[in-house]
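Asks: Please read through the structure below; I'll follow up with questions.
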Amino acid sequence: MKTKIIVIVGPTAVGKTALAIEVAKRFNGEVVSGDSQQVYRGLDIGTAKASPEEQAAVPHHLIDVREITESYSAFDFVSEAKMTIEDIHSRGKLAIIAGGTGLYIQSLLEGYHLGGETPHEEILAYRASLEPYSDEELAHLVEQAGLEIPQFNRRRAMRALEIAHFGQDLENQEILYEPLIICLDDERSQLYERINHRVDLMFEAGLLDEAKWLFDHSPNVQAAKGIGYKELFPYFRGEQTFEEARESLKQATRRFAKRQLTWFRNRMQVTFYQIGESGVQDRILSQIEEFLDD
């Protein structure tokens, strides 16, 4: 029997953390961060980590598990998330994955093999090469490869082609979880307002000092490449004014949110909820209750 988990995804600033905490309180759960930047110690404001008070109210995992000089990959996330979910489940609690790093979460849910003899970078590159193909073209590739897919869908076809390409045994790519995937969204102009407001609040909370610390200590590490930091580096180098850098950060974050939504819409089987609609949280909680009781 697969382990039931709740997955909360969506663009930045849409309210994933707040909902995850509410779900955890309601259903005796713990939150597992699905964010590639929140793993780094010292990067708190720019990554929008749950506050110390929020983390005290509900256990959070995969936050502050790396130094800024260390790398972190989808393979690392999948390995550590699996162990964390198993621990949470063994204690009779519900695991709630919440975050916006679509690649990490998709890799966890769909049982992608990111280790072994084939470097995971090669697997991810091959997967990306299949994205431009239409469903009809993918079906043709599946037929050419001599593969059989009982009920064709895009994700299943891509996964079968990936496994055939790398010579991996399909039966070894075990899908461990039965997820309910909730994707939060908002009307575009409202979402962009939320993003702009969040960036302003981050600066009020000390983002500039946090980014300057990263710039002074480790400007070329993986952690520094995340949105929220690298956009401010031109200001520190004297190449932009502060206002230009702040607007650059807002623009980059808006574009990132658009890419996130595209990923969740096209690559994952999600249930969308518009956060601006009346009673949306109650409807989400009701769906979760039905899912867990089924």
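Every residue gets a Cβ built from N, Cα and C, even glycine.
Quantities reported herein were computed from a predicted structural model and do not represent experimental measurements.
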Asks: Given the ranges 35-38, 99-102, 119-122, 219-222, which one is assigned the annotation region 'Interaction with substrate tRNA' in Swiss-Prot?
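Replies: Going through 35-38, 99-102, 119-122, 219-222 one by one, Swiss-Prot flags 35-38 as region 'Interaction with substrate tRNA'.
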Asks: Neighbourhood of the ATP site (G10, P11, T12, A13, V14, G15, K16, T17): other residues with Cβ within 8 Å of the Cβ centroid, in order?
Replies: G100, L184
Asks: Would you kindly give the Cα-Cα distance separating T101 (site 'Interaction with substrate tRNA') and G15 (ATP binding site), rounded to the nearest Å?
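Replies: That comes out at 15 Å between the alpha carbons.
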Asks: Taking every residue in the region 'Interaction with substrate tRNA' (35-38), what is their average pLDDT?
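Replies: Per the prediction, mean pLDDT sits at 96 for the region 'Interaction with substrate tRNA' (35-38).
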